[in-house]
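Everything on this sheet refers to the single structure shown next.
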Amino acid sequence: MALLHSSRILSGMAAAFHPGLAAAASARASSWWTHVEMGPPDPILGVTEAFKRDTNSKKMNLGVGAYRDDNGKPYVLPSVRKAEAQIAAKNLDKEYLPIGGLAEFCKASAELALGENNEVLKSGRFVTVQTISGTGALRVGASFLQRFFKFSRDVFLPKPSWGNHTPIFRDAGMQLQGYRYYDPKTCGFDFSGALEDISKIPEQSVLLLHACAHNPTGVDPRPEQWKEIASVVKKKNLFAFFDMAYQGFASGDGDKDAWAVRHFIEQGINVCLCQSYAKNMGLYGERVGAFTVVCKDAEEAKRVESQLKILIRPLYSNPPLNGARIAATILTSPDLRKQWLQEVKGMADRIISMRTQLVSNLKKEGSSHNWQHITDQIGMFCFTGLKPEQVERLTKEFSVYMTKDGRISVAGVTSGNVGYLAHAIHQVTK
């Protein structure tokens with residue numbers, strides 16, 4: 001300690017006798033970043049942090065969009081465990097993937113989305129690249145639009161849309177516009193408003209569509225409504241940009257959930273599509289996704305693929321290996337694929353059951369409100385229709401956490417806490 005003290009004294013003396021040392025120290029203390037302001041907290045992560053600090057044993061976190069089992073625990077699909085075991089037994093290397101990703105994964109993803117017998121796949125007039133989950137697919141797609149979609153910089157999002165859509169497209173250099181989608185009066189789809197707004201969008205603009213399980217509302221168009229939307233899109237010559245983060249997870253049927261995408265293609269509309277395996281395979285942390293562009297012909301697809309690779313190279317060079325191997329193993333193994341589809345249906349069915357039980361318990365509580373929208377909506381999320389002040393009461397009085405707009409993740413509801421949730425909602429809405 002004495003030696004350390006002496007060295008500090010000597011350092012101070014040196015600085016006093018040598019002004020240059022003091023100036024250097026002062027220069028090191030300055031910063032390039034004094035003008036950088038503290039950014040706003042992420043609204044969903046903020047909910048989670050508040051939940052963690054709460055000591056109430058009955059607390060519920062309904063903000064996070066991750067599936068939980070009926071005990072409220074994270075769920076790793078048995079089919080994923082089997083795929084991991086098969087991969088481990090092969091003692092494979094950990095070499096870089098190509099820029100476009102794992103070939104068998106890309107092929108299987110396109111088949112899952114479009115259907116194995118789709119004309120697009122048979123003719124080869126498509127390109128699919130592996131991406132860093134759905135967010136990466138969106139960013140790659142947005143960057144491709146910014147560079148090559150020469151007709152317009154406007155991307156029209158449904159109101160509301162997933163919160164990350166806006167910064168993804170904005171940071172890629174696109175401009176954001178909106179069209180009516182959710183009707184707060186009915187807690188349902190504003191079909192007439194959406195159709196009217198879409199029909200007024202300038203020709204050759206980009207229209208973003210949620211393929212299924214709209215996030216955050218859980219409100220989806222019916223097939224006959226999708227048909228009318230597709231008709232307007234074709235008439236107005238709009239570019240349909242599909243985000244499909246929940247295939248199979250919405251209804252429990254992957255083909256049903258992909259119906260809108262396939263219908264648009266059948267109508268001669270060349271779309272692009274973002275996929276994620278975070279929800280339907282539970283591969284949240286593996287970051288597994290895909291981006292597909294449907295083209296005029298195979299030659300055009302090759303040109304598009306070449307440019308996608310040029311875009312990806314400076315973004316992240318190449319995508320992660322492990323998650324793509326897991327997904328490809330499941331999708332290309334008949335037994336594992338069958339098991340996985342059953343597990344996806346099981347997850348979807350549990351969420352549907354929780355919706356039904358919540359409404360049933362609200363009726364038992366004596367609520368006079370119409371809660372039918374809870375069972376009408378689909379997928380992981382539910383727009384409850386709760387007002388911000390009611391959400392605040394739920395948090396303060398009952399330790400029930402959700403985003404301020406009243407969105408809840410139904411996956412966070414279990415048979416053990418659904419009664420408590422119904423009681424809490426009734427107390428703040430009666």
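Even glycines carry a Cβ here, placed using N, Cα and C.
Binding of substrate is attributed by Swiss-Prot to Trp162, Asn215, Arg407, and within the candidate set Gly65, Gly72, Gly323 the record adds Gly65 to that site. In Swiss-Prot, the feature N6-acetyllysine is attached to one residue out of Lys52, Lys82, Lys256, namely Lys82. Checking Lys150, Lys200, Lys345 against Swiss-Prot for the annotation N6-acetyllysine singles out Lys345. In summary, of the candidate residues Lys58, Lys90, the record from Swiss-Prot lists N6-succinyllysine for Lys90, whereas the others have no such entry there.
Checking Lys94, Lys396 against Swiss-Prot for the annotation N6-succinyllysine singles out Lys396.
Within 8 Å of the centroid defined by the CB atoms of Gly65, Trp162, Asn215, Arg407, the record's substrate site, lie the Cβ atoms of Gly163, Pro216, Met380, Phe381, Ser409, excluding the listed residues themselves. If you measure from the Cα atom of Lys227 (N6-succinyllysine) to that of Lys363 (N6-succinyllysine), you get 36 Å. The secondary structure of Arg407 (substrate binding site), as reduced to three states from DSSP, is extended strand. Ranked by Cα separation from Lys185 (N6-succinyllysine), the recorded positions Lys107, Ser143, Lys296, Lys309, Arg407 are led by Arg407. Sequence-distant neighbours of Lys309 (N6-acetyllysine) (same chain, 6+ apart, CB under 8 A from its CB) are Ile99, Gly100, Val129. DSSP assigns Lys363 (N6-succinyllysine) to a helix. Taking CA atoms as the reference points, Lys279 (N6-(pyridoxal phosphate)lysine) and Gly65 (substrate binding site) are 9 Å apart.
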